[in-house]
Every structure is written in C-alpha cells, then in structure tokens.
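Enquirer: Annotation source TrEMBL lists domain 'ABC3 transporter permease C-terminal' at 693-809. Taken from TrEMBL, the feature transmembrane segment covers 303-323, 356-377, 397-418, 469-490, 691-714, 735-760, 780-801.
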C-alpha cells in the first residue's frame, strides 16, 4: 500500500487530529511570520523613509532678523536649502503650542529637500495661502482629514515685533527650538510686555483646507504627539508682515541638505563661519536624532524577534508533540503492512504524509493571515516613521514559512517514524543529586516522588521529557525578571529628571543672543536667598568648535548651595585649562578623561584637558563645561544665552515660589519659567515592549511546566499505580504531583532570578547610554518577591488537574496494563 493510499485511510480515521494539527501550524506560522516580517519592516522604516524623502541634514538657526542666506546657499557642500519662518500661529482659535510647524518661506522646503511621502491627498500648492498639510497624528487626534478645514489665526505685525508670539517651537527631530530674537524680547520689555506671553492672536484669520497627510523625518510624529499642521509657502508670501513683523524683527531659519550627508558637517561649519563672519550660529544636527530613532527601531525590532523566537519554541513543543503522537499511532498500523511487503522507507513516508500535508495546508493559512495582519504593522516607534503603512508582503519571510514549515514537519515525522523504538531499550534511569539529597534528608515520600518526577527522566519503558519543562521554567522566570528589571529602571529614569542631568525646577532668563535684559550678578544672589530655594546655578552658553564639530560651551557659577551636577567620571573643572564633557560630547568626539581638547571660540582658542565626564541637560546637546575665566577668554564675555537654574527644596512647587522669586529683584527685568522635563518618547515605548515579551515568555513557561507535569503523570501512571498499591494514599499522590510542579518552579527561580536581573540590567545599561541617561540599577527585591510568590502559586494551580486525575486513578486498569 502506497503513502497516498495510507493517507486517504488515515484521513478518514483521524481527520480531527489532522485538522487540529493544521490549525496549530496555521497559528504558529501566522504568529512567527507576522512577528519576523513586522520586525524587519520596523527595523528598516527610518532608512526607507530617508531614502524616499531627501531629508535635511541640518537646521541652521541664527535667530537674527534679516539674515542673508545667499552666502550659505552658495557653499559647495550645500545641496539644497529651504527657509522656514520662526513664527507661530493659532489653530482653530486655540494656542497651537506643539502643533504648529514653522511656515516655509520658499518653495524649496518639501520639494528640493525634506520632500515628504504623501499618505493621502497631495502636497499643498506653494502659491496658495489657504492650503495646508497635516501629519497622521494630527488627523487622528483631531479627527480631520483631506477636505476638512482648519482656521489659522495669525498674529498682528505689532505682536510679532514685540515678541507676543510663541517663543519656542519644535519639530519631530528638534524637541525645543527658541525662535524669539533678542530684538523681539528687548522690544517687549521696552513696551512693558512679557515675551512669549501667550497673548491671543490679533491678526488675520485664514480658513485653510487640508489637502494632504504627509510624513518625513522632520515632518513626523512621536508617541503622544498631537501632530502638526504645516502651511504652504503661500502663507508667507501673502502674510509676510504677520510672520516677520512690521519692522522685520522675527527671524528665518534654514533647512540644509549637505551633499556629503552628516560626514560633511565639519566642513560646512567651517564654511558657514567664513561666509558669515560668525561662529555663534546655532546649527541643529538633524542626522543625529534620526540615527537615535533608528537605534530605537532596532531595539524594538530585537524585542519583536525575541517574541518570534519564543513563539517558535512554543510551536515546536506543541506541533512536535502532536506530530510525534500522530506518527507513533500511524506506525502501529503500518507495522502490520511492513510484514507483507512495505519497505521501511515506504512506512516512514506513509506515516509522515498526514502531518506533512496538514502542515502545508496550515502554512498556506498562516501566510495568508500574516499578510492580512501586516496592515497593523510595524508597531511601536516604527509606526510613526513607516513610509508605506498598510498591507505589506515580505516575500522572503513568507516564502520561507510557506516552503520551510511543511518540509520541516515532514522531515521530523519521517525521522520520528524511522527511529521509533530504536533507542528505547538503551535508555537507563539516572538519579538526580537533588533527589538523593531529599531522600537522605528524610523528606516525605510524596515529596521525594515529586522531586524524582521533576528532575529524572525515568526508566527505559516510560521516559519523561524533563528538559523542556526545566528549560521552559528557567527561560520564563528569566524573561519575566529581565522585563521587570528593565521596566523598573526605565520608569525610574522617566520619573527622575536627575537621571538626565536636570537638577533644577525653575529658570530665570536674563540674557539672550548677546543682549543682557538684566544684570546677572545682581539678580542671581537675590534668587538664592529666597526661602525654599535649594541653590542657584548661573549658566552662560555659547557655541564653540572642537576639531570641526560644533559644541555648546558652558560656564557654571553657583550662588548659594551648589546644585550638584551628575558627574559620572572625574570631577568638575577647577582651573582655566580644565574641562568636563557631557556624555553626548564624549561619544561624538571620542573623548575620555585625561584627553586633550582643543577648543575654539569667537575670541580665542584654548588647549584644555578633560578632567571629567557627566550627564548634562539633553537640551545642551554635545557640551563642554569650562571655568568662568576660560569662558571669558574664549568669547570675551559674549553669550548665546544666560540664565539661572534654580533648584527647589523638596516639597516646594515652582508655581508657588515664582511670585517670591519675581519679587526678589523688583528693579530688574528678567523672565521666570517653571522648567518641565519630558522624558524621551522612545523611553515610554521601550517600557512596554519588554513587558509584553515577558508576559508572553511567562505563558510559554507555564505551558512548558504544565506539559512536563501532564506528560510525566501520563507516562509514569504505571509507576504511580504500583506506589498506590504499596500504600500511597490519594492525598499523597496529589502532594507528589504538586511537588513536581513546585520543584520545576523552584529550579526556574533559582536560575532565572539572577539571570533575569543580569539580563535586564545589561539591556538597560545599553539603552541608557544610547539615550544619554545615567545608569542606575533598580531595586528589585519587591518585584522578585512577587515573581517568587506568583511562580509558586502558578505551579500549584498547574498541578491541580493532573493531581486530581492521579488521586482518582483506577488501579485495576493501570496494574493490568503494567
């Protein structure tokens, strides 16, 4: 009888078993292929978006009215330059902080560079002021799409000139961009107004139609973002005074795409300084945050790959057991046929035919499901940068699943059939050292029996698969503890600004862009004496150059108690030839404590020695800290900004103390603002990914332990029957099975807890370095206690049903089989 004939017979007899196997393969293939394809798609999302959009390399922000961009455009490194206006607008009658995108001032932006992918509709017509495009988050948050309208409220020219407009803006790649010029702020103070006052817009109202939904690295979204509205260049052309002011005191920044990409930045900076005669122009590196997003995507993709591996392991256990049982049953009937002429090869092929065909059918269903589910992928951070959302067919992955899974299942079934019974007679029982110790310790018989079942395979007649159960328990506890360790560390960083070098709660600004609004040495000591203030740190910042790279040069001067900055290595600079570098600067410039650092300022050069490294406010970017005398020598006292970082006593809220701070120096004009720290958006996403993976691994561990307990009870029922006949009570039988499950859990805890803590700390250390956070090992005794209790409780629950069956065992049937 051939394999085909046997399959027809087998199908009629065991169609339910084959149907279950088909569904198992379909679920396994669908889950694993979806995860692998989703991980590949997510890891490559940023690269594919950049390939499609010609993104800008830099955002150059001189914050200077009337800046001449032609010399910059003429630099040989500049491939394209597009201007944007540093002014905001209201949207639908409400302040649009965090929602407006700086209006383009020419037709280059979104065409020659930063050309977004259009997810719906089209790009706005640059000749029309009444057309806008939006990002997907805005469309989702505000339930608006192509064809809907938004009302743009513009500020009056007088409001623009006196700084009565939003003072800061952001993009997807620059979290905070100060856009008020010194001239605007000085005009506001002269008029008795407060810059960035939040005054309602008093200019024209433009009803604009949403004509497209777009995405690019700059014009994109992040987690919890409300999204952006991007006007056309026609708004600037039609309402120039409402964006730049009647006297033109607002400024224009430029998006610049370099011909050599990020590698050309040092050459461009040198050319910029030569062409403009200025070395203090702020240049935001847009390639660096794009690389950070790419690193986040790869981290999340690794977690999804781990999920796929866990799912594949689960599938191997479930499908392997089903194939083994089906093949073993088929071999029982095929042995008779082998006696009348079927060769061993024909027998093996016939036994494997059913599982192989069922696997092929399941693979087809699983691949179809993976394609259908791909519309919801990628997940996490990648969903905000995916250039082609929707259904996606990853041909290499799906073909591998469609072809490989049936072949593997068929080959496994053939091997199972060919080797059935060969090694059974050669297996010998081995004794576990732990079981021997339990016997010597005089533990109850039921506990000893349960320990044997958990740690020993048993005799040749009924070997039990203990290794998968032990491995599953260890992997499960390791995964859960690692996820909890990482999540605890990430939560601590998200809730503690000091992990990112932020040690203050209020800022007092006294100068900007070289112009002093108030005398710092008269204001800062008075602020330090206000009750509730822990300390004040005077900060001056200017842009310098190190080996062709732009860095922020900082000078700190404490008033009152020092705030205590986070120095991770070495110390703060004390002499004129010493410097401390931020972690981001150390990485970008490959600096270590003891290295020489040549620093160039607008007024001089300095050869410094790195005496320390620390975690500084991420808003500084790559930064170096020098002594006040060194700063004066480099910049002749000039500054890009000057302000005070004010640290408060525990329990003091910024809102309650700001009036007292304002009254401390009533004859001085300075701005007071509560400082609100936002943890990186990717950190919030990263917290969820390990928890989801840990939960899945926990389910895997429970399944592995449950499978081990049930299999051991089934294969050792004769042994249990003999023990019952010799006097073991039903209650002791229950205890034996429960002890087996608890021993598996204890083994998992013994190995999994230290491995999990080490793995979680290792992963968090790498993530903390990537996001410029200070590594702090979380306290884990409470989560570990919960994991221990829940693991033992879960093991006890898993053992309930098998223990009940053992206690109700019909001894007559079991012993007759024996």
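Just so it is clear, glycine is given a Cβ too, placed from its N, Cα and C backbone atoms.
Note that TrEMBL annotation is computational and uncurated.
Locate each feature and note its surroundings.
Expert: Mapped onto DSSP helix, strand and coil, the domain 'ABC3 transporter permease C-terminal' (693-809) counts 100 helix, 0 strand, 17 coil.
Beyond the ends of the transmembrane segment (303-323), by six or more residues, the same chain brings 17, 20-21, 24-25, 27-28, 31-32, 35-36, 38-39, 42, 355, 359, 379, 409, 412-413, 416, 468, 472, 479, 689-690, 692-693, 696-697, 700, 703-704, 707 to within a C-beta distance below 8 angstroms of the stretch.
Long-range neighbours of the transmembrane segment (469-490) within the same chain, counting only residues 6 or more positions beyond its ends whose Cβ lies under 8 Å from a Cβ of the stretch, are 310, 317, 454-455, 683, 686-687, 690-691, 693-695, 697-698, 700-705, 707-709, 744-745, 747-749, 751-753, 755-757, 759-761, 763-764, 767-768, 775-780, 783-784, 787, 791.
Using a Cβ-Cβ cut-off under 8 Å and counting only residues 6 or more beyond its ends in the same chain, the transmembrane segment (691-714) has close neighbours at 303, 306-307, 310-311, 313-314, 317-318, 321, 453-454, 458, 464-466, 468-473, 475-480, 482-484, 487, 720, 737, 740-741, 744-745, 748, 794-795, 798-799, 802, 805-806.
Residues 434, 444, 446-447, 449-451, 453-455, 469-470, 472-486, 489, 690, 701, 705, 708-709, 712-713, 720, 728, 780, 784, 787-788, 791-792, 794-796, 798-799, 802-803, 806 of the same chain lie 6+ residues outside the transmembrane segment (735-760) yet bring a C-beta within less than 8 angstroms of a C-beta in it.
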Enquirer: Which sequence-distant residues neighbour the transmembrane segment (780-801)? Criterion: at least 6 residues beyond either end, Cβ under 8 Å.
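Expert: That would be 477, 480-481, 484-485, 488, 702, 705-706, 709, 737-738, 740-742, 744-746, 748-749, 753, 757.
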